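Swiss-Prot annotations:
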BINDING   R190, G191, S192, K193, T308, S520, R581  CoA binding site
BINDING   G384, E385, P386, D408, T409, W410, W411, Q412, T413, D497, R512, R523  ATP binding site
BINDING   V534, H536, V539  Mg(2+) binding site
MOD_RES   K606  N6-acetyllysine
Amino acid sequence: MSDVKVYPVDPNVAANALINEEQYQEMYKRSIDDPAAFWAEQAEARIDWFKKWDNVLDFDLRKGHIKWFEGAKLNVSYNCIDRHLEKRGDKVAILWEGDNPAADRKITYRELSALVNKFANALKARGVKKGDRVCIYMPMIPEAAVAMLACTRIGAVHSIVFGGFSPDALRDRIIDAECRVVITADGGMRGSKKIPLRKNVETALAQCPNVHTCFVVQDTQLEIEWTEGRDVWYHEAIAAASADCPPEEMDAEDPLFVLYTSGSTGKPKGVLHTTGGYLLYASITHQYIFDYHEDDIYWCTADVGWVTGHTYIVYGPLANGATTLMFEGVPTYPDASRFWQVVDKHQVSIFYTAPTAIRSIMSQGDALVKATSRQSLRILGSVGEPINPEAWEWYYHVVGEGRCPIVDTWWQTETGGILITPLPGATPLKPGSATRPFFGVNPKVLSNEGKEMEGPCEGILVLDHPWPGMMRTVYGDHDRFINTYFANYPGYYFCGDGCRRDEDGYYWITGRVDDVINVSGHRLGTAEVESALVLHDQVAEAAVVGMPHEIKGQGIYAYVTLMSGVEPSDALKTELVKLVRKEIGPIASLDVIQFAPGLPKTRSGKIMRRILRKIAAHEVDTLGDTSTLADPSVVQNLIDNMPK
């Protein structure tokens, strides 16, 4: 790893940053040596409590037992809105950019307060009370954040289902979380297309007899069916409600939200996060990792249907009194310069997006980026999967013009917030590395036998101590929580990812542990092979899986998407085989390369490798659940064009 390029911290960035290297080392040491004292100090400084805690931390990882700030009382909406009103009442809280470039809205903290209070009262008027579950199935409009915060105001537990999910997936999540109220919109906009959200809800609710209320936001004027007595127009409910709703005092360990994430087997898991620890962790990670200052305009391009949207569009930024930008559209509409047009229009200073979006824009060339200014940008971020070094370099040099540190963040739905990440003023950067652990995070690397390894090594990434933002259970199934995260390696939280730790103590995420290929007894992380493939200037994206091999046990099967205008050829295949051998070694000889116009992805942009593994093994009759695919036709195309 010694030939890896290192980008030192810019002295100007360090001078103005909230955390420099010396402070990072001192705070990190304290957070590991005495976590209870460290987090108590942060909780005092960051959160307004109605009552302080009796005990900072009580845990037993073997039993999946984790409690932070027991006995403390707080309210999330109070911390995200009320406490800012005196000093920041007229500051923009939510800056909304519509799918249509001409559409935008600005909502101040004072205006947000009135909307949240009114909708909280509207929920109460329909019988919603503390502890009730409420399903939110919304487009990326401000009302989605209002609905989340209104639930927290009265102690209801929200369960957001991403607006791209099918009626069946929505039904399953409504039933599993036992929701009796649904909040939706008549439709949503995505790349100039109208998405029939309410129609999907109607289909789902036909099989959800326990849902007694459905609030509908009028957004796209799509015609919808109406069920009298059950359905309520959002705008009418708001108009009739009082703007005064006292915040419910919640225990720190009361549930805040349930968010479903796909399991490697069986039905989706309802990840349950609680109130005090989660909000504290959202606040501290948002402030320090993005080096957030009071005058920043902050934009995370995620959807609130994913955990990134929960923590880094809504709760983290608003807890810190920030202006958070919500974007309804897609990166390629009206064209692939849209992100940078929005950055210039709103003078965005902190920008957080996913590698899949970066690669998609990158494949369209540099001209559309360079046609924009982007001078307001000072911090760039990456989230969702490991970013390959080539995309990192392009993001750094072309988008950020070498001025903006990239925070390549590793975390999960289950962790509530970022765990491994650079800090802009403290961490020298290595393209493709998530670098170092955040405060209170103590990663360990285990061998296949479950033994801790020291120094530079490669193995299974685990954590041996809880942090405040971690999930507390799988909703309604604590045994599944224990079996998934704690049973494999007792005493550790098992995250399912592999990693490499280098000589500087930097962590490189090598992909899911089930995405490890074992070639003739040698372990290869799929992310490493993919990173090698996309070094080729004609490759837009690559996904690599293991395939059955008579001699080697597993061979390497690569699915490769090419840059626009590039034609597949045998000569190109030969170049790619040589490139991977050169980058990783002869052990990484590709057995099959399948060129494809697209890869099967979920609606959040994650590649569905399970399906790719099935195709590579010619097990196309047992693909399993494909309901979360953004474009099912991609799979059929791959099957039809499998190399003979």
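Yeah, the Cβs are placed from backbone N, Cα and C, and that goes for glycine too.
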Surrounding CB atoms that lie within 10 Å of the CB of G384 (ATP binding site), all protein chains: 19
Spatial neighbour of R581 (CoA binding site) that is closest, considering only the recorded positions R512, H536, K606 and their CA atoms: H536
DSSP three-state assignment (helix, strand or coil) for R190 (CoA binding site): strand
Count of other CB atoms lying within 10 Å of the CB belonging to T413 (ATP binding site): 18
Rounded distance in angstrom between the Cα atoms of R512 (ATP binding site) and H536 (Mg(2+) binding site): 24
Output field, Mg(2+) shell: CB within 8 Å of site CB centroid, site V534, H536, V539 dropped: E390, L533, L535, D537, Q538, A540, A542, V560, L576, L579
Integer Å distance between the CA atoms belonging to V534 (Mg(2+) binding site) and S192 (CoA binding site): 31
P386 (ATP binding site) versus recorded positions G191, H536, V539, K606 - nearest by Cα: K606
Which of R190, K193, R512, H536, R581, all binding-site residues, has a Cβ with the fewest other Cβ atoms inside 10 Å: K193
